Amino acid sequence: ISGLRAATILQEKYGLDVIVLEARDRVGGRTHTLEDPSFKYCDIGGAYIGSTQTRVNSLVEELGLELFKVNADGYDVEHYLGKRVLKKGALASWGSSFLGSLDANNMWQLLDEMCHQVPLEGPWLANKAEEWDTMTLKQFLDQTCWTQFAKNAATGYCQGMLGSEPHDLSLLFFLWYLRAGGGTVRNMEFNDGGAQEYKVLGGSQSICVKMAEKLGNDRIIFNSDVIHIDQTSDVTTITCANGLSYKAKYVIATVPSSLLNRIRFTPNLPALKFQGAQRTPIGSVIKVIMFYEKAFWREKGECACGLSGFFNSDIGPVEDGLDDTKPDGSHPAIMGFDVIDNLERMACLHFNRKRLICEQYQTIFDSPEALKPIRYFEKDWMSDKYAGGCYVGTFPPGVLTRYGKVMRDPFGRVHFAGTLTASMWVGYMDGAVESGERVAIEVKSQHACATHSPLP
């Protein structure tokens, strides 16, 4: 998304000549939509858009695409410590554990207060940046929470939203991530302004497909895995794994930060940028989609309004899930995420994954109908060569304050974009759009300062 957004702006708004070197055989990156008449389409990559994510909403409108609201009618299910409870809204229910829920909601309120002390453009500038960056999220939870329920709730959120464990993350990074999404509730909620409020009709990959059409499909060169960027002359030379080379005045690199060092740079990347890229591991996620004959959870008789399909669970293999039925009610489905801790436990049980998920859904929705799927898809983003995981790069302790300040910095005529370099909605499509718009302005400004002649 970030690369195509930058390319279309540079071409349409500034009249510059651009090409896109795409490593894959398709556009979209970590958005990927499968299409088939038997289920219409399903997103096995990034999919969700919130109404407060202004940049991606504007882009969707500009491209003539439509959004539809994710089903939120009915009760959500919370399943922690062996207890299944129905609830409404993002925060913990009081039914699971009164003390645990009180503890969890106090924890979320404290995190919300803390995250608003973190500057969006420079989290390393926070008054307590050094203190928070030397502490893991787990250490914070151990010091703050006095019930296992609250710790499990935070761990589940961390797994579900970042594909990582609390002991892997800097507290400062976690606070910045929350701040970039508007605070705890907005990040957690999938309704009323939350991050998971809408989806793209026809699939989220259509955002990139439409941008590619605007750019001109002849401007995109597929199967072009960049392996070398040489800036030793007045014109930058970009070499791909297939042996082909291209020349340009400026380059925009949008590969995930953790994969940046697969590219050889001449001259070498600055030390801080090179080392920082090595220290931003991306989350570990398998996205799974289970189709059923009917949306049985919406008809669940234990409550008059049925179940929404949204759940949180600590029993695995799926940590959280949502209703993925089409807006017209066709092709009922539940989308879920297998995340890092559950993946480790299931590493030798790949062939059993579908069965284990069905059994978990039977428990979550309290219905034997969950054992009767008609179709199942999964996408292992960890094994994707050009993603390396999902959803976004993360910062372990000590990395953000030391290396974060250089992650957006250009290197000569090479500029860097991607959702991790955003200041708002980091990790989301909106963050990718923001970074693409920022880097387009950078390139235009550098070009205007250097010369008034057109780019080759």
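Cβ coordinates are placed from backbone N, Cα and C, and glycine is handled just like the others.
The FAD binding site annotation in TrEMBL covers S2, E22, A23, V226. What TrEMBL records for F337 is substrate binding site. The domain 'Amine oxidase' feature in TrEMBL is assigned to 1-443.
Cβ proximity to the FAD site centre (mean Cβ of S2, E22, A23, V226, cutoff 8 Å) flags the following additional same-chain residues: G3, V20, L21, R24, G29, S224, D225, T254, V255, Y386. Sequence-distant contacts of V226 (FAD binding site), defined as residues of its own chain at least six apart whose C-beta falls under 8 angstroms from its C-beta, comprise L21, A23, I238, T239, C240, A241, A253, V255, I263. Here the C-alpha separation of the residue listed as 'substrate binding site' and S2 (FAD binding site) works out to 24 Å. Mapped onto three states, the DSSP output places S2 (FAD binding site) in helix. In sequence order, T254, A417, G418, T419, A432, V433, S435, G436, V439 are the residues near S2 (FAD binding site), counting only same-chain partners six or more apart with C-beta under 8 A. By a simple count of nearby Cβ atoms, those within 10 Å, the most crowded of the binding-site residues E22, A23 is E22.
Site extent for FAD: among the recorded binding residues S2, E22, A23, V226, the largest C-alpha separation is 17 Å. Under DSSP, E22 (FAD binding site) is assigned to coil, being neither helix nor strand in the three-state scheme. In three-state terms derived from DSSP, V226 (FAD binding site) belongs to an extended strand segment. With a 10 A radius on its CB, the residue listed as 'substrate binding site' counts 22 other CB atoms from all the protein chains.
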